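Inspection log for the structure reproduced underneath, given as structure tokens.
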Amino acid sequence: MSRFFKGGSSDSDAESVDSSEENRLTSSRLKKQDDSSSEEESSEEESASSSESESSEEESESEESEVEVPKKKAVAASEDSESDSESSEEEEETESEEDSEVSDESESESESESESEEESESEEESDESERSGPSSFLKKPEKEEAKPAGLKFLRGESSEESSDEEEGRRVVKSAKDKRYEEFISCMETIKNAMSSNNWIVVSNEFDHLNKVSQKCKEAGRNPPPYIEFLSALDQKLESADKAFIKSLDAANGRAFNALKQRVRKNNRQFQSDIDRYRKDPEGFMKPAELNEIPKPAGKAGQDEVIVDGVATRGIVAPTEGLGKPEEITPADIFKYLRAIFEARGKKSTDRSEQIRLLEKLSTIAVTDYQRLRVKVALLAVRFDINTGSGQYMPIDQWNAALTELHSILDIFDANPKIVIVEQVEDENEEEEEAIAAAENNNGVIQVQGSVVSFLERLDDEFTRSLQMIDPHTPEYIDRLKDETSLYTLLVRSQGYLERIGVVENTARLIMRRLDRVYYKPEQVIRANEEVAWRSFPPTFDLTITPRATTTTPDILIHSLCVYLYNNGVSLLRTRAMLCHIYHEALQNRFYKARDMLLMSHLQDSVHAADIATQILHNRTMVQIGLCAFRNGMVQETQYALQDISTTGRVKELLGQGIQAPKFGQFTPDQDRLDKQLVLPFHMHINLELLECVYLTCSMLMEIPAMAAASSTASDSRKRVISRPFRRMLEYIDRQLFVGPPENTREYIMQASKALADGEWRRCEEFIHAIKIWSLMPDADKIKQMLSEKIREEGLRTYLLAYAAFYDSVSLEFLATTFDLPVQRVTVIVSRLLSKREIHAALDQVHGAIIFERVEINKLESLTVSLSEKTAQLNEANEKLYEQKTQHTNPQENRRRDKGGSVKRRNERTENRNRSDMN
């Protein structure tokens with residue numbers, strides 16, 4: 001390995017000695033020039049001045065300013081050279097100064113000294129207003145620490161000591177010395193960074209070294225140390241094995257691979273010199289010495305002053321134009337691509353111009369590899385258009401990105417040997433290198449990128465546009481029509497991923513496809529599938545979802561979900577299960593959806609999921625409740641909708657809007673993040689319909705329960721099923737005058753009062769008058785089901801409320817009164833008797849109900865209530881005791897828990913039997 005990557009070698013010591021000797025010679029030469037220029041200036045001062053002492057003082061002052069002013073100019077020049085806002089006029093002046101300095105270095109130094117003299121004279125003239133006389137400069141200031149650093153006559157009497165101190169602190173260097181030190185400094189920085197495996201710094205410093213080397217050419221010949229460095233760096237990079245590359249982190253790994261390609265490309269133009277160096281290293285290094293390196297003719301640096309060991313660089317980095325797009329050839333494509341990627345993320349980047357240039361490059365590309373590289377870059381730039389703006393991607397750009405993704409898939413179909421992968425160990429910028437590397441990879445040419453990432457971004461931008469467009473305008477409908485083309489692209493991309501066999505990416509794409517179909521009716525799913533498959537040739541088919549099975553939506557959803565169950569990560573499996581349950585509930589398969597939800601145990605872990613998954617879980621629970629309602633299961637509907645409908649934040653829990661806080665307001669960032677979680681309007685569940693279903697089921701359950709509680713003094717029957725319904729009903733009861741109902745809530749409250757009074761026909765009229773039922777499929781069947789439920793619950797309410805006033809009642813009479821079959825009345829009465837809700841006996845011979853007189857006095861009622869409260873208090877105390885002692889003896893705790901549970905169960909049974917006997 002070369003000496004550049006070995007620490008503490010003798011060659012580096014020799015170089016440092018040469019550098020110090022070179023600096024000494026340079027400083028002595030410049031000092032002589034300063035003395036000659038100072039003599040000329042002193043002669044001019046003697047002719048213009050009348051006093052010898054004044055001329056000598058001015059001469060010393062000019063010498064001091066001549067050293068200080070170039071220092072300030074060098075520092076300013078270094079700052080201007082590093083900034084990007086330098087004007088064109090200053091560049092022209094710098095170039096003219098550099099040309100004059102190359103032709104005659106001593107003349108440029110004398111000119112700079114004359115300029116510094118003029119500046120010092122202007123400073124003296126500006127200070128004349130503060131001086132009291134011609135010899136006032138001989139007076140010392142009151143505070144020495146306030147002396148200006150550039151005035152020697154204010155330093156005191158020991159002028160020799162101050163001059164010696166300044167010579168130790170300041171060194172005047174020429175441009176070639178600066179370039180030499182900068183050249184060596186870059187190589188040392190690269191050497192140190194390589195020893196610490198910091199390849200990001202190596203990559204950055206390598207670009208800097210190339211720029212400096214262009215300024216250090218020896219009469220058209222490259223510097224020998226630079227050729228030696230390139231040879232050593234190339235050997236270092238080529239000797240790295242795959243194990244070493246894998247040991248690097250992601251950022252350094254990418255930097256290493258990029259540097260390897262750039263070094264390989266850069267060494268092509270120096271290949272002849274590198275070959276000559278490797279044949280005879282000593283002979284190659286003899287002809288040139290670094291201390292004789294002249295400055296380049298085109299661009300030149302500026303002399304600088306090194307103060308306290310801190311150097312400022314005045315070399316302006318050369319700028320390379322890329323030319324006009326009309327002059328681009330296919331050989332220049334990769335150079336343009338690299339320039340475009342380097343400009344990404346900068347504020348001054350014109351993305352529209354980049355898109356125009358890439359579109360031009362796509363027409364110039366002649367091979368599939370070139371087209372693919374340009375298309376990938378063009379997609380990345382298109383997605384950067386609205387970055388940070390908070391707006392959705394323009395629709396024309398979205399359609400263009402969709403077309404380009406189809407073009408990429410066309411390239412894959414035409415050339416199966418070209419694949420796009422997310423991680424490439426060694427990406428080649430040139431097509432010849434890519435083809436050569438493919439020979440070691442079974443002939444497969446790999447391009448870095450991700451089709452799935454592009455599809456996910458395209459899908460996200462489509463969703464964002466639907467979130468921001470007003471859903472009540474034709475623009476929303478027009479935008480929604482693009483979903484068919486997006487779904488077609490998802491199906492086609494699935495075929496490509498199945499062909500290359502990337503399971504993880506396939507699972508991500510399957511999840512996107514499932515998100516587009518799980519909430520839709522069967523007719524819409526079938527139509528989307530037909531449109532998608534019609535655009536493919538007959539030979540196109542899929543493995544996961546074959547063409548023959550996609551005509552049935554149930555089989556399609558099942559196939560997609562099963563694949564995610566077997567191959568997806570935990571989050572994808574959870575979302576797939578929720579989508580599957582949602583679809584089953586949408587198809588009115590309540591028991592299957594309920595069993596899948598219970599067997600998956602999602603309710604135990606969904607609180608730890610992300611917000612989008614929690615919203616999907618809430619939507620699934622609501623859909624299960626609506627499915628139960630469509631099947632006539634009132635109690636199951638009420639239980640499924642209870643948790644969401646009683647929170648008061650239904651819109652937020654379902655991802656259909658944001659509820660403003662009562663106190664304060666959202667911050668802009670919080671408001672933006674919350675809006676991203678809102679689902680598109682066509683995916684919303686009608687909240688008015690949801691409230692109507694919940695209140696109707698609450699009415700059918702609460703009214704009989706309230707009737708049972710009013711007929712007995714026992715507190716056990718006074719439990720509240722739906723607190724929101726109770727509060728609404730109590731509010732209506734407090735009204736002195738109640739007008740005709742106007743909205744859904746008022747219709748249900750009026751129907752509840754009629755049902756409580758036993759007027760089931762009037763209750764049925766109010767429920768049927770609600771217009772929201774027309775939004776449900778098979779609205780007539782829903783109304784018929786509600787009529788039957790109202791009659792049954794009216795019968796239960798009648799028996800529970802008026803059982804105390806009857807000795808017996810005929811089943812035929814009840815069937816006629818409530819318009820129910822006798823068999824149905826018998827079933828309802830038997831259920832009431834089995835649950836001990838009424839104390840009676842059923843006489844099937846005569847078809848009548850025989851009621852028993854069971855009157856509990858006040859003392860017995862209070863006794864039963866006290867016993868129940870005592871049992872509850874005892875149970876609470878036992879639980880508290882178990883929590884305190886659960887870590888002492890687990891076996892004893894389990895035994896005590898088991899025994900205590902059995903004991904409490906027996907006590908409750910005994911108390912219940914005793915109360916029944918009374």
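From the backbone N, Cα and C atoms, a Cβ is placed for every residue, glycine too.
Scan Swiss-Prot for phosphoserine across S20, S158, S213 and the hit is S20. For the residues S12, S28, S352, the entry in Swiss-Prot flags phosphoserine at a single position: S12.
Within the set S16, S27, S135, S714, Swiss-Prot records phosphoserine at S16. Mean pLDDT, taken over the domain 'PCI' (681-856), works out to 88 on the 0 to 100 scale.
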